[in-house]
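Novice: Quick paste of what TrEMBL says about this protein:
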type: REGION; residues: 21-64; note: region 'Disordered'
type: COMPBIAS; residues: 32-41; note: compositional bias 'Basic and acidic residues'
type: REGION; residues: 83-105; note: region 'Disordered'
type: DOMAIN; residues: 102-290; note: domain 'DH'
type: DOMAIN; residues: 319-418; note: domain 'PH'
type: DOMAIN; residues: 427-487; note: domain 'FYVE-type'
type: DOMAIN; residues: 513-610; note: domain 'PH'
């Protein structure tokens, strides 16, 4: 009993120590670890590697594996899936008579990873931190306060794990038969989780300071590089090692989850282990957020370096939304020119490739502010998948490599829905609701805009309200589709499986989705007398039918013509732009905008009338 009380008192003393000494580099207090006696079992068998200068003739800037976006992304995936765990080798487990309980194997793995973690903390605190402090004190080439800010409270974290948690865990594993439990030990870790909150909160600033002083101070860089070249560092950068405390708490969470799952229902440690898992959960959330933020910043700086941006453009608060190659359409040249777009939350950078890629790969030619910028699709026979970017600095006609790429540039991304004001589809581009396909009229079905996606919709389809972040989370009129996405609520009407009518086929405006498409004038049709021309399409997925739309963005055709058996003839009056379709007394007269376009339509309709269908997307394209 006295021994248990003594242990409890020692834990309370440790809590008091860390409460009184949390700032990095603080002077030892009256109850600091240096003043406390330690038993031999609390001393780690860890000796620092020799940090000798590299042999003469060798450069200090050897190749290290930097903290890349790929590494950080895989790190998040591993932490969330448990893929970082060691896999069991076939045949390595003992026989059924001597096989250890599954929960004991999880505890053994916890011990082994804790030993490796303490070794990494030793490298950070006793080697990197202390060496840099000594160099700062000796040469005055960089401030000691900068070093303390970079390493935050790593000394407190190291002492806690090396002198308390690891020895306690080791004793429990050694005495597992008599005391098969670790939940109470991990609960003792809970008061010290605030140390990790402080470290994680400081992590972004520490990474920025490290990058700054690696460029700014040669002595600083030499110390870090010399240690990184050592065998103990494993050719990893200081940034990699600094990530270890950030990812340690999520590892505790994963191991504890498995431990609780493996425990028998009546295990004496079940209640304590579950309580310990609950304590660690919130701290793990902070660590995951820090990894995600590090990934975002690393990706941002990668883009800045490739573009060679000026200081007035570089801003860590920016958000990279999209980047990729495009072609610039020029009226002075017949062939488009290669360009590169980088879209941030506040600006679009229009870049040209550098001929000599020394340093930056691209040169920023124009910066267009996102505020007030308009983007819309262009219908151009010569340049398919083209779109227009219009801003107050410049207007650009660009061409994507596919329709999918073009759509990704001009339409708001689902994950951005509600975060920024959308570009509204112009009223005159549609004659019917873009959701229910019912035609608009001035009295009973008027036009409205969804404030989330910008679609033109009728009152029935926009009779919903959702909070939009770009408008201060105030409720706004939205369409049913956006309402469902933004709120997660499914309305009864949205669950109905309505059969689509024969004319409810979206326009295949792109040449890659149609055999032929362009504007044609349908002459002599009284139902569309007020429309000067119609958008006509023979889709690739329905190549024997001609669909006639009032506008390119309409979701429903007002006329469809099955082309099998139709005869195609030149129009009356000898106009070479006119052609007619005839079958069993039915007749349609069309007028193209050019003789060449009329010829393409006649060839396409003759093929469809004979039953010909394209076998693949690479068949001859006749679209305008």
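Cβ coordinates are placed from backbone N, Cα and C, and glycine is handled just like the others.
I would like each feature placed in context: is it buried or exposed, what are its neighbours, and how far apart are things?
Specialist: Mean pLDDT for the domain 'PH' (319-418) in the predicted structure: 82.
Here the domain 'FYVE-type' (427-487) has, by DSSP, the following mix of helix, strand and coil residues: 14 helix, 16 strand, 31 coil.
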Novice: Among the recorded stretches 102-290, 427-487, 513-610, which has the greatest number of Cβ pairs closer than 8 Å to the domain 'PH' (319-418)?
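Specialist: Stretch with the highest Cβ contact count: 427-487.
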Novice: At a Cβ cut-off of 8 Å, and with pairs 6 or more apart in sequence only, do we get at least 3 pairs between the domain 'FYVE-type' (427-487) and the domain 'PH' (513-610), yes or no?
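Specialist: Counting Cβ pairs under 8 Å (6 or more apart in sequence), the domain 'FYVE-type' (427-487) reaches the domain 'PH' (513-610), since there are 3 or more.
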Novice: DSSP on the domain 'PH' (319-418): how many residues come out helix, how many strand, how many coil?
Specialist: 11 helix, 46 strand, 43 coil
